[in-house]
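Here is what Swiss-Prot says about this protein:
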DISULFID  24-30  disulfide bond
């Protein structure tokens, strides 16, 4: 339902920001 979709979008956003943080730390460009 709608709640599940919101949850999925939220999880995607969190995962994306974690990936961005991890990759910027790895490349040393934070």
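Note: Cβ is positioned from N, Cα and C throughout, glycine not excepted.
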Which residues does residue 30 (disulfide bond) neighbour through Cβ under 8 Å, counting only same-chain ones at least six apart?
21, 24
Residue 30 (disulfide bond): secondary structure state under DSSP, collapsed to three categories:
coil
What is the total of other Cβ atoms whose distance to the Cβ of residue 24 (disulfide bond) is within 10 Å?
11
